[in-house]
Amino acid sequence: MSLFPSLTLLLLSVVATSYSETVTCEDSQKICPAVIACNSPGINGFPGKDGRDGTKGEKGEPGQGLRGLQGPPGKLGPPGNPGSSGSPGPKGQKGDPGESPDCESSLAASERKALQTEMARIKKWLTFSLGRQVGNKFFLTNGEMMTFDKVKALCAEFQASVATPRNAAENRAIQNLIKEEAFLGITDENTEGEFVDLTGNKLTYTNWNDGEPNNAGSNEDCVLLLKNGKWNDIPCSSSHLALCEFPI
């Protein structure tokens with residue numbers, strides 16, 4: 001066996017090993033097209049170590065994060081300026097006819113006149129049946145007998161006062177009205193012998209019976225109208241006809 005072929009193969013093997021890191025398969029084929037055949041690539045190796053940090057990059061665009069929950073309402077702001085007037089609204093419906101003041105005044109006057117007429121009729125009925133009218137006074141009795149204090153209370157209840165004649169005409173009207181002796185609104189309870197009306201005013205008209213007032217029994221502080229129209233002082237605790245006068 002010749003040594004030359006073996007030596008040739010050994011030399012080629014050494015050359016292939018020396019250039020295995022830098023010579024590609026294509027280069028090898030160019031150098032030794034007839035001898036060296038390329039194998040298939042091997043499997044990938046393990047990842048290498050991390051390299052050094054690179055230089056700082058440029059600032060990126062703002063990101064879009066997740067939208068948060070709605071916060072609580074803020075404080076009320078100051079009132080705004082008044083707004084401009086709005087446009088006129090639609091025309092309303094036609095209203096009911098109004099009442100004329102002249103008609104109301106005329107109606108009130110008519111009603112007042114009718115009421116006055118009715119009151120005049122009532123006064124005439126009362127005058128005819130129970131009382132007497134003299135001037136602007138109306139004298140009225142209920143026909144009951146009672147003490148002087150009760151007569152005062154009865155008359156006051158009807159906003160009247162105990163009958164007090166101020167002249168002969170009024171005294172005569174009361175005399176014609178009563179069928180029994182009646183109390184008059186005259187006393188000397190405050191000062192003995194000084195008879196005054198129930199408002200404390202001195203009398204300007206009197207019609208005492210002969211010998212009166214005499215204060216018989218020392219307690220005759222009230223005045224009685226006798227059937228003959230004369231006056232007599234009597235005790236206020238006695239009971240006599242109630243007689244009131246009403247201003248009209």
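Cβ atoms are placed via backbone N, Cα and C, with glycine included.
The DSSP breakdown of the compositional bias 'Basic and acidic residues' (49-61) into helical (H, G, I), extended (E, B) and coil residues amounts to 0 helix, 0 strand, 13 coil. Annotated compositional bias 'Basic and acidic residues' per Swiss-Prot: 49-61, in sequence order.
Break the compositional bias 'Low complexity' (82-91) down by DSSP state and the numbers are 0 helix, 0 strand, 10 coil. The compositional bias 'Low complexity' annotation in Swiss-Prot covers 82-91.
As annotated by Swiss-Prot, disulfide bond applies to Cys155-Cys244 (among others). DSSP classifies Cys155 (disulfide bond) as helix under the three-state reduction.
Non-local neighbourhood of Cys222 (disulfide bond): Phe148, Phe183, Leu184, Ile186, Thr187, Asp233, Ile234, Pro235, Cys236, Ser238, each in the same chain, at least six residues away, with C-beta under 8 Å from its C-beta. As annotated by Swiss-Prot, disulfide bond applies to Cys222-Cys236 (among others).
According to Swiss-Prot, the feature domain 'Collagen-like' maps to 42-99. Sorting each residue of the domain 'Collagen-like' (42-99) by its DSSP state yields 0 helix, 0 strand, 58 coil.
Residues or ranges marked as domain 'C-type lectin' by Swiss-Prot: 134-245.
Annotation comment: Swiss-Prot describes 43-111 as region 'Disordered'.
Among the features that Swiss-Prot reports, signal peptide is placed at 1-20, with the record citing similarity to another entry.
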Other CB atoms, at most 10 A from the CB of Cys236 (disulfide bond): 18
Mapped DSSP class for Cys222 (disulfide bond), helix or strand or coil: strand
Cys155 (disulfide bond): tally of other CB atoms within 10 A of its CB: 22
Summary of DSSP states over the domain 'C-type lectin' (134-245), given as helix, strand and coil counts: 23 helix, 37 strand, 52 coil
